[in-house]
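Working notes, beginning with the structure itself.
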Amino acid sequence: MQRSPLEKASVVSKLFFSWTRPILKKGYRQRLELSDIYQIPSANSADNLSEKLEREWDRELASKKNPKLINALRRCFFWRFMFYGILLYLGEVTKAVQPLLLGRIIASYDPDNKTERSIAIYLGIGLCLLFIVRTLLLHPAIFGLHHIGMQMRIAMFSLIYKKTLKLSSRVLDKISIGQLVSLLSNNLNKFDEGLALAHFVWIAPLQVALLMGLIWELLQASAFCGLGFLIVLALFQAGLGRMMMKYRDQRAGKINERLVITSEMIENIQSVKAYCWEEAMEKMIENLRQTELKLTRKAAYVRYFNSSAFFFSGFFVVFLSVLPYALIKGIVLRKIFTTISFCIVLRMAVTRQFPWAVQTWYDSLGAINKIQDFLQKQEYKTLEYNLTTTEVVMENVTAFWEEGFGELFEKAKQNSNNRKTSNGDDNLFFSNFSLLGTPVLKDINFKIERGQLLAVAGSTGAGKTSLLMMIMGELEPSEGKIKHSGRISFCSQFSWIMPGTIKENIIFGVSYDEYRYRSVIKACQLEEDISKFAAKDNIVLGEGGITLSGGQRARISLARAVYKDADLYLLDSPFGYLDVLTEKEIFESCVCKLMANKTRILVTSKMEHLKKADKILILHEGSSYFYGTFSELQNLRPDFSSKLMGYDSFDQFSSERRNSILTETLRRFSLEGDAPVSWTETKKQSFKQTGELGDKRKNSILNSINSIRKFSIVQKTPLQMNGIEENSDEPLERRLSLVPDSEQGEAILPRISVINTGPALQLRRRQSVLNMMTHSVNQGQSVHRKTTASTRKVSLAPQANLTELDIYSRRLSQETGLEISEEINEEDLKECFFDNMESIPAVTTWNTYLRYITLHKSLIFVLIWCLVIFLAEVAASLVVLWFLGNTPFQDKGNSTYSRNNSYAVIITNTSSYYVFYIYVGVADTLLALGFFRGLPLVHTLITVSKILHHKMLHSVLQAPMSTLNTLKAGGILNRFSKDIAILDDLLPLTIFDFIQLLLIVIGAIAVVSVLQPYILLATVPVIAAFILLRAYFLQTSQQLKQLESAGRSPIFTHLVTSLKGLWTIRAFGRQPYFETLFHKALNLHTANWFLYLATLRWFQMRIEIIFVIFFIAVTFISILTTGEGEGTVGIILTLAMNIMSTLQWAVNSSIDVDSLMRSVSRVFKFIDMPTEGKPTKSTKAYKNGQLSKVMIIENSHVKKNDIWPSGGQMTIKDLTAKYIEGGNAILENISFSISPGQRVGLLGRTGSGKSTLLSAFLRLLNTEGEIQIDGVSWDSITLQQWRKAFGVIPQKVFIFTGTFRKNLDPYEQWSDQEIWKVADEVGLRSVIEQFPGKLDFVLVDGGCVLSHGHKQLMCLARSVLSKAKILLLDEPSAHLDPVTYQIIRRALKQAFADCTVILCEHRIEAMLECQQFLVIEENKVRQYDSIQKLLNEKSLFQQAISHSDRVKLFPHRNSSKYKSPPQIASLKEETEEEVQETRL
């Protein structure tokens, strides 16, 4: 980054913001890059601001029993805040003084006061000086207040992040990722957007008092009539605001439902395409959209009338103020025009500034209180360690994940009695609520010496991970003692990859040791994988390492744990995603050799690992089932296999530990922090028996967005959720918002705070941060470039010259240094965080406007209608102005008039009434015309938004995966959330406001020019200067906003990344390291945001200067031109002042319209995505008069009306697959054939392309070559017809928000009897019957109440219902408990006995059921043969299969020399199969 010119700028340059000129010039001439942005001043550094606020907050905590965050903020920022408030007040005072000078100028034209004509020019100079002074005071004050708001936000951002790293796991279990992102985005945005308005809470009352005093001097008691009307108007607007918020609360639930379904669709778009559910998902979302739009229109109409009431209230304010006075004392033009000017200022203070200020304080104080509560939550407590200790000891340890759960679960069980079924059976759903009321670990004892290996085993839910968490201090023991040195390293069960290079992920901020690093890489079998990357270990990994396979991610996580020099290594099932050969090699070379002198605790279920362990601890239902050596285990616990592998009969499981639908998910439910409802009520709300979604998912919009576990901000989770990446082009007051909330757009009073506890926000079901940390993370999709880098160290001291890539490319070393990737440039940051679809022009093109306008044929006619009404309004206004300008009004009782005045007429009571009747009639006409002018416009624009959403949804569903793979899920979701919200809420009313303000300014200029033609000499240059200056500014400002939005992405991405890996971060003690990274992300965003604020103020100040010059010209032309009467001069100067008061609003609206139209540009980008083929509906076959619901195609290779496929024969010829067009081939020249009904197993290392081959079969990739099914080539039929030939069980199971019935049959083709029949076949019936409502029970959060195995059964049922003849299975047994796995095995044998099955699996017993095996190595087919031939040849399969498996396969080949190992008498045959399990 460049050094900021602000550091050397003079006072004048700072006052006029001239120091921003270089960046404006560069942005106008060329495209701005991150390197062009100026460095932030040290006063804006996140390090300095956070340290300052943290010091005051600690002081507050130490000195008071009831600490207040606002006190800490006051000590940090109060005096600067008040200084700028005084400047703002002085600027506002000039607005009250201006009408006084206007009245004196008009009075100087009174025929009876010719002596005062000579002072008019001096009064004009004074009036112009007031405008100049106001300009010089107002803009520095507003900029200073925005600056303070920004600093407050940065300081609290940092404070919240630091607190997040300290929170206890119990607190994290009650906080969702959406809450944290909301805390950082929606709540803290109030300081950026509202601090400039906060001072009006005291400025507005003073302004009103001053104005009322001045109006009293003119009109006496009549002044309060106008004030009363304004107060009534404000109350009316408040009522409209409450009505609008009622509609928005109702709509929030509907928006949330749509976004939940949309986010699930985006996250699982590959599954949607594989199942051919595009039409079903589109119909489902469009139905929700229709309901949402009904409420959107109602809210928009209310907002429209609210805004219109303000615009057209001016007539009545003046009328009600002047009428009583005129009826009593007659009319004086000076008083009319002065009153009009006063009323303009008074109206703004009463109906806008003061209510906005009150709402700002209400929202800000609410946000501060919410942040304050968060900062006082329980922190993570480190255990007391003894660094000299060499052993690990646990004595009589008992622990709960949550204390005090017993009473809650008892209440839940009592309430469940009301949910018993009609036959009297207990509702099994509530039978397991007591689980968390029991200890997760109970009376655990063990001791291991230095250098020993402890293997921890047990069935699912036995407490293995909880044991590791307790050793790390994440889970506090309620009883007992834990003893170890405290120097811990940890490898999580689910791989956690942070954005950065492979090298940075392994080193993880620790000082670099070349020898140790290379040894770890070799031991973890990463050498071959790294060698395939052009940048080697310096390749930049994005969201969760999406470019890597699951096995590669697992090995990187293990390497990170091993690289750290620790006394105790905790390894939580690190081999889950590895093939058998890689697993064996890593276990031997890494765990047994490289770490031989280290103390290790390994969670495993492998018999080979238990045999080599020094000690074994088997957990069962949280208790220690066995502790000792392997030989002792065989002698003392011959039934250990059932406890180890979980082969107890399902019916024999205890009620607390039964493998039901809740056992592994209970901790996912928790209360919203401030929601005043009970846990039980929350559960009841979540599981109502109704088909409607609205009562199931009343989450906030933010939580729905962040229900995606991919964050491209982040997310961008991202809630921001993405969590979180966007080029936000909203108006200033919403620019930092991650996602649209129920309050986006212009404030309607009284606005309800984001932190409200209304019904739409009170009851929530969400996944806590703890659950996110303990479950596999769904990865985003992005493309990352490969880069090279050399490294050097720099000190940790704050540096102003850190580049934007420092966010993730520079890493702290153990000696408080940073690892810097020097050769990584800005492009790498874009690849980690930016979407490829974001390359839109800096300024909205005219083509976008034209395309938007012509999208709906009625919109053009509506715009013409608005223009006609405007011309009518101008004509009506001229009628009033003619009466005011050509009729001399005088006080009643004063009948003196000049005979020389050609217009001299004494106004009697009768004629006064006559004039005011005309005025009232014209005012009523204008009000009616104004209301009817904008209403069709708002209605039509919402219809256009509906069309855009439909087109974009259809385009995304029909887009090829090669295009979608280049986008981030958060980026796609933000199109449907943020951009659609802008199109629904902000854009229609902003366009209306802009048109209204533009017409006011144009109309005023036109009238002034008509009354005094010489003013045209000043009008033309001013208009030209405005247009040129606006174009010059927008070219740079929009680029700065893009960069600011891009800079916001790493902030939320880093937050979400930190939360996902919090246990790892704390185990490694890298909290300071991640705090520094977070501060760098904040500094990057601050640099862009601060520069945007400065350039925006530069533009607005110069626009105001231009119009001040225009006002000066108008003033002196009207004063110096002879022959003008007081009416004409009053009209000209009053309208000129009205232009000045409306100008800034109009300018801001013009900028906002251009910014919001960028959302339209982004939507058009998605609409214009290519399609992957024409979607066609399958032909329905009828047999015996009944709909068979089986696909029939018309093809030259198939006889007419033959059902296809009939056998499932596949022929693959020269198949080549690529993820993106023009990319490297993932599979090359694959050729083989599969006979009908045959089972084929896919073999290969992790990352060899097995899953890619299955995707290629479904044509989800860019493919070349040919595949035929039963003689039909994939080129001869449509894409949907081809995919319907397959049944799919993917690795990542897709369960969308909806009923069981909808999830199994989204097209509603099958009857309940048929669905229940299939549920029986696959073993799903008992699961569904546990829920209230059965098939009508609504699943939410990706089916979080279902275990992974139950979700696999859902996929199996879908495939059975689809009547598919070819079944593709991609590691269906991953993370399954043995009971569910056996159910799936049996279901596969029964339901797909005559189908072709292609299986990618790691369990040997499943693969042994295949007749043919396809071995893939180096992107090609190495072997394809039967199991007999593969066993006789040297192959991957021969190395993987054990001797015992060969004996079971070919018992007649058993050699007499071979002696089987001693058998444990009580082991069941099925259990022995599992004991000998290995992975491929």
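Yeah, the Cβs are placed from backbone N, Cα and C, and that goes for glycine too.
According to Swiss-Prot:
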type	residues	note
TOPO_DOM	1-77	topological domain 'Cytoplasmic'
TOPO_DOM	147-195	topological domain 'Cytoplasmic'
TOPO_DOM	244-298	topological domain 'Cytoplasmic'
TOPO_DOM	359-858	topological domain 'Cytoplasmic'
BINDING	W401, S434, G458, S459, T460, G461, A462, G463, K464, T465, Q493	ATP 1 binding site
DOMAIN	423-646	domain 'ABC transporter 1'
LIPID	C524	S-palmitoyl cysteine
DOMAIN	859-1155	domain 'ABC transmembrane type-1 2'
TOPO_DOM	940-990	topological domain 'Cytoplasmic'
TOPO_DOM	1035-1095	topological domain 'Cytoplasmic'
TOPO_DOM	1152-1480	topological domain 'Cytoplasmic'
DOMAIN	1210-1443	domain 'ABC transporter 2'
LIPID	C1395	S-palmitoyl cysteine
REGION	1452-1480	region 'Disordered'
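Around the Cβ of C524 (S-palmitoyl cysteine), a 10 Å sphere holds 27 further Cβ atoms from the protein chains shown. According to DSSP, G458 (ATP 1 binding site) is assigned to a strand segment.
For C524 (S-palmitoyl cysteine), the nearest neighbour among the listed recorded positions (G458, A462, K464, Q493, C1395), judged by C-alpha distance, is Q493.
All chains included, 20 other C-beta atoms sit within 10 angstroms of the C-beta of Q493 (ATP 1 binding site). The Cβ of C1395 (S-palmitoyl cysteine) has 22 neighbouring Cβ atoms from other residues within 10 Å, across all protein chains displayed.
Here G458 (ATP 1 binding site) is positioned 36 angstrom away from C1395 (S-palmitoyl cysteine), judged by their C-alpha atoms. Look at K464 (ATP 1 binding site): DSSP puts it in a helix.
The DSSP breakdown of the topological domain 'Cytoplasmic' (244-298), given as helix, strand and coil counts, is 52 helix, 0 strand, 3 coil.
Its Cβ taken as reference, G458 (ATP 1 binding site) is surrounded by 25 other Cβ atoms within 10 Å in the chains shown.
Annotation for A462 (ATP 1 binding site): same-chain Cβ neighbours under 8 Å, separated by at least 6 residues, are L619, H620, E621, G622. Broken down by DSSP into helix, strand and coil, the topological domain 'Cytoplasmic' (1-77) contains 55 helix, 2 strand, 20 coil.
Secondary structure at C1395 (S-palmitoyl cysteine), as computed by DSSP, is coil.
Its Cβ taken as reference, K464 (ATP 1 binding site) is surrounded by 24 other Cβ atoms within 10 Å in the chains shown. Residue counts for the topological domain 'Cytoplasmic' (1035-1095) under DSSP, helix first, then strand, then coil, are 58 helix, 0 strand, 3 coil.
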